[in-house]
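Working notes, structure below.
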Amino acid sequence: MAIGVKRNAGSSSDGTEDSDFSTDLEHTDSSESDGTSRRSARVTRSSARLSQSSQDSSPVRNLPSFGTEEPAYSTRRVTRSQQQPTPVTPKKYPLRQTRSSGSETEQAVDFSDRETKNTADHDESPPRTPTGNAPSSESDIDISSPNVSHDESIAKDMSLKDSGSDLSHRPKRRRFHESYNFNMKCPTPGCNSLGHLTGKHERHFSISGCPLYHNLSADECKVRAQSRDKQIEERMLSHRQDDNNRHATRHQAPTERQLRYKEKVAELRKKRNSGLSKEQKEKYMEHRQTYGNTREPLLENLTSEYDLDLFRRAQARASEDLEKLRLQGQITEGSNMIKTIAFGRYELDTWYHSPYPEEYARLGRLYMCEFCLKYMKSQTILRRHMAKCVWKHPPGDEIYRKGSISVFEVDGKKNKIYCQNLCLLAKLFLDHKTLYYDVEPFLFYVMTEADNTGCHLIGYFSKEKNSFLNYNVSCILTMPQYMRQGYGKMLIDFSYLLSKVEEKVGSPERPLSDLGLISYRSYWKEVLLRYLHNFQGKEISIKEISQETAVNPVDIVSTLQALQMLKYWKGKHLVLKRQDLIDEWIAKEAKRSNSNKTMDPSCLKWTPPKGT
């Protein structure tokens, strides 16, 4: 065996090292067919703390270089501490045993004389790691036990080699869309999943991002995306210029550019076609008969080009938001989200996830009794339930009735199951709702429409029994089949009607959903314009408006600011009575045919509850 001089590779930069002895043994493996004739196995032993008997049994016990009076320097590679310009006094360390390509005799060598020279020429390279790089430390040397056998060392080397050879079989890293589903494809018939409605992606896997569904090509989507980006850059540049030219005032008037843009939009909307020609109608009918619901209807010439362009931008933005959610893993194929619900004579598409039990959520389609709100798994179960269900209206007390419209007050403590089912149903259409099961501290006001089959759910709102912040609404919902018919405003009006009876000033609990915020702003605007239309005095008080309408003063001020009716002049706050807005509101009220979509205070039979 050849024995050379070598420093341990695991020594620290300050010149300290472990004084372990390592002996490399050479072995011949004749069973391998690849021609490998030698393998090295490193066996660790105890270091300077070995007893004298073990030193006597060492194979190098008779070497003259191991004198106890003259310690020797071990050779090693240059470390960071030795590369510094300041001279370092060399320390002396006990000589280590290793293999050398030179003579078989050992000698003490001063490392300070050979700090730029390698100590030995190795006849074979060190074993490779699974990544193909040589080990830089003692990571591949087992120092846990001094009695490691030779067979275990060979087995370890073989496992390292096998693990390195298996790396080529690892699957490639998936990119982009493959990161959330590898086998997805667009559900539109005839679509190859190429392109995206936003023009920013190469592939799509949903109808919302399908160019073919929107009667476009992938190239057209890219051109539109470039046009949108260019318009956004121009708008941002113009906003910066406006900000630089403006002075900091409390109420900033519109700039000249904004006024010109408003006039331009008004002119573009005047160019709207009065109607479709006969050829266009035939073209639209042919398109509908050919593709049915698998393609978007043709939208050209239905409205002005400006409004159609706004709609296309909104579509692209919504598609981009959905794509981000999919890439983040929030929307995945096969996720436990109910897609549709069978509710009475309607089939409703859901908007958000609701925490129904897993055995129901995984179905994708839920069947629900529209009277007791019990949810079921199949049409057969629903049919059997409807045959024996005795409920035809919500539980609780009917506190309002005018015509076919009724409102029921349901106590969450007395009718816990019904209120929990109502909250789970509402979560399918509300994003910010967090109340599902703790319904006892709340009262629910359910609005229904009656016919010969029963009282059908229109919507509801809930409120705390004891609200310290005077919230008159905690959650409000209008069912999708009754939206855009005035029922949402009726629910809001009814909540303020209850506040008037309680002689309180109320406000909805925040945050509001997007549709809820639109409804409340429209209601506050209507209330203020009606009040100003009937007001004949010269001085007005926000507090008086609040007490008469039961609207919170903060909501009144924000609405006046949005209408540009609140000004600050010569140290005083002024409310401008804009007659143009009042006349516009009067004209809209005259055109409304559904005058019955209002709440009549005389039809309310209710007294405020005392305590809980």
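Yeah, the Cβs are placed from backbone N, Cα and C, and that goes for glycine too.
What Swiss-Prot says about this one:
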MOD_RES   Ser11  phosphoserine
COMPBIAS  43-58  compositional bias 'Low complexity'
MOD_RES   Ser54  phosphoserine
MOD_RES   Ser65  phosphoserine
MOD_RES   Thr86  phosphothreonine
MOD_RES   Thr89  phosphothreonine
MOD_RES   Ser103  phosphoserine
COMPBIAS  111-126  compositional bias 'Basic and acidic residues'
MOD_RES   Ser125  phosphoserine
MOD_RES   Thr129  phosphothreonine
COMPBIAS  135-146  compositional bias 'Low complexity'
COMPBIAS  149-169  compositional bias 'Basic and acidic residues'
MOD_RES   Ser163  phosphoserine
MOD_RES   Ser179  phosphoserine
MOD_RES   Lys278  N6-acetyllysine
DOMAIN    333-608  domain 'MYST-type HAT'
BINDING   Cys369, Cys372, His385, Cys389  Zn(2+) 2 binding site
MOD_RES   Ser507  phosphoserine
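Neighbour density around each Cβ, counted as other Cβ atoms within 10 Å, peaks among the binding-site residues Cys369, Cys389 at Cys369. DSSP assigns Ser507 (phosphoserine) to a strand. Long-range neighbours of His385 (Zn(2+) 2 binding site) (same chain, six or more residues apart, CB within less than 8 Å of its CB): Cys369, Lys374, Met376. With respect to Ser507 (phosphoserine), the closest of these recorded positions in Cα terms is Cys372, chosen from Lys278, Cys372, Cys389.
Cα of Cys372 (Zn(2+) 2 binding site) to Cα of Lys278 (N6-acetyllysine): a distance of 50 Å.
Neighbouring residues of the recorded Zn(2+) 2 site, listed in sequence order and excluding Cys369, Cys372, His385, Cys389, comprise Phe371, Lys374, Leu382, Met386, Trp391 (Cβ within 8 Å of the Cβ centroid).
Summary for the recorded positions Lys278, Cys372, Ser507: the Cβ-based neighbour count within 10 Å is maximal at Ser507. Looking at Cys389 (Zn(2+) 2 binding site) and Lys278 (N6-acetyllysine), their Cα atoms lie 52 Å from each other.
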